Amino acid sequence: MTPFVILSCMMAAMGGVIFGYDIGVSGGVTSMEPFLKKFFPEVYRRMTEDTKISNYCKFDSQRLTSFTSSLYIAGLIASLFASSVTKAFGRKPSILIGGAAFLSGAALGGAAVNIFMLIFGRVLLGVGVGFANQSVPLYLSEMAPSQFRGAITNGFQFCVGIGVLSANLINYGTQKIKAGWGWRISLAMAAVPAFILTVGSLFLPDTPNSLIQRTNNHPKAKLLLQRIRGTEDVEAELEDIINASSISKTMKNPFNQILQRKYRPQLVMSIAIPFFQQVTGINVIAFYAPVLFRTIGLGESASLMSAVLTGLIGLITTFISMLIVDRVGRRVLFKFGGIQMFVCQVIIGGIMAAQLGDHGGVSKGCAFLLLVLISIYVAGFGLSWGPLGWLVPSEIFPLEIRSAGQSINVAVNFLFTFIVAQTFLSMLCHFKYGTFFFFGGWVAVMTMFVHLFLPETKGVPIEQMENVWKSHWFWKRFAVEEGEGEVEK
């Protein structure tokens with residue numbers, strides 16, 4: 001591990017801070033009364049005056065959800081464009097475009113005077129997030145030495161956690177501003193990590209993989225690789241990268257390539273993993289934690305504070321996951337976290353069914369118990385699906401389909417984040433406590449899926465990853481081509 005790698009990766013992972021800040025800030029701002037009063041008067045009226053409306057339905061407004069989810073639909077479209085930029089010009093320009101789009105979005109959001117400015121700002125933020133989420137995990141997994149790849153790539157999710165936590169803390173502070181313009185600070189502060197990322201990306205080196213893929217300048221790539229690894233002896237790794245690159249050069253359209261039978265396992269994972277990551281129900285907790293805690297009956301300050309608490313727990317467990325993922329492996333963490341999340345969701349649903357009716361709150365003790373359960377659930381996610389949902393897809397693609405695969409992964413992630421964000425408040429209104437059973441059921445499904453279909457990838461060099469599929473009981477029928485023998489375990 002050289003200081004050079006650590007610095008480059010810390011810089012690039014700022015992309016994660018931006019994404020996290022954005023998830024955290026939207027939930028907090030939408031539970032602030034001055035903000036609701038200005039942009040969403042109908043929700044504000046329902047929350048404060050309407051006594052007839054069900055607890056579960058107070059926040060059910062399509063305009064309010066479109067504020068949160070406009071970012072994801074823009075991110076979805078941007079991440080598909082980002083793939084060709086990342087491939088043609090390198091990982092670095094994508095990171096730069098991401099930072100710049102983000103800066104302008106933050107400025108618009110902080111200065112918004114009407115709903116159009118507000119939503120246009122969110123769309124620009126979405127473009128920024130789309131570019132950053134496509135290029136940053138790739139950049140990190142290519143810079144990292146294979147024995148530390150898990151820890152470094154999990155750094156992206158760790159930074160998402162830092163972003164969520166800082167957003168929650170800032171919301172908690174700005175909500176106390178009596179004049180009622182605190183939400184402007186919350187939205188505009190997104191410019192800080194965006195500025196660091198934009199300026200920092202000017203100094204980032206490109207990855208050797210991307211350099212060889214674009215310029216074929218082997219001596220330059222070798223020097224870069226020696227700097228990154230801090231050793232003269234990089235022949236073997238360079239050879240791997242050059243081979244992978246020459247295979248990828250024969251491919252014209254990576255999106256057509258990835259549909260081939262031999263890439264079926266990677267294609268399935270690039271869709272299944274981000275889909276499952278969203279239906280764990282985590283973003284519901286992250287976006288709407290303050291709203292959710294207000295539904296249970298906590299006040300404005302208390303609900304923002306409890307969101308800070310869950311943000312902190314997510315951050316700590318992601319850090320633990322970073323430390324142990326290259327030791328215990330990916331599968332163990334997936335299964336352990338899955339069981340923990342499943343149990344919590346079933347109990348949360350049960351308590352809400354028994355205690356929280358359509359009107360009135362729950363007792364203090366009960367609200368506290370729900371907060372503890374939500375925290376344990378967040379801890380389960382921080383250990384498993386949080387970081388690994390980004391790590392596993394970034395390491396399983398061969399170079400020739402890598403940027404296409406990562407784009408599909410990010411696009412599916414945004415698509416389902418969008419669907420979940422757009423439907424959750426209505427779902428809470430119609431399903432009520434059943435919402436938690438719904439997500440709990442999905443967690444059970446995905447834990448079984450990992451157990452049966454996801455091979456262990458710890459410590460496998462990226463360029464040799466295909467052997468993992470060739471020796472897997474199910475995937476070998478796709479991965480092994482005619483006339484090839486099976487790979488010995």
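The first residue you see is number 1, and the count goes up from there.
Backbone N, Cα and C atoms are what each Cβ position is placed from, and that goes for glycine too.
These features come from TrEMBL:
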- 8-458: domain 'Major facilitator superfamily (MFS) profile' (DOMAIN)
- 64-83: transmembrane segment (TRANSMEM)
- 95-117: transmembrane segment (TRANSMEM)
- 123-140: transmembrane segment (TRANSMEM)
- 152-170: transmembrane segment (TRANSMEM)
- 182-204: transmembrane segment (TRANSMEM)
- 267-289: transmembrane segment (TRANSMEM)
- 301-325: transmembrane segment (TRANSMEM)
- 332-356: transmembrane segment (TRANSMEM)
- 368-392: transmembrane segment (TRANSMEM)
- 404-425: transmembrane segment (TRANSMEM)
- 431-454: transmembrane segment (TRANSMEM)
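When each of 95-117, 368-392, 431-454 is scored by its Cβ pairs under 8 Å to the transmembrane segment (152-170), the top-ranked stretch turns out to be 368-392.
Panel annotation: around the transmembrane segment (64-83), residues 22, 26-27, 30, 39-40, 43, 94, 97-98, 101, 115, 118-119, 122-131, 133-135, 254, 287, 403-404, 406-407, 410-411, 414-415, 417-418, 421-422, 424-426 of the same chain, lying at least six beyond its termini, place a Cβ under 8 Å from a Cβ of the stretch. Counting C-beta pairs under 8 angstroms (sequence separation of 6 or more), the transmembrane segment (301-325) reaches the transmembrane segment (368-392) with 3 or more such pairs. Mean pLDDT of the predicted structure over the domain 'Major facilitator superfamily (MFS) profile' (8-458): 85.
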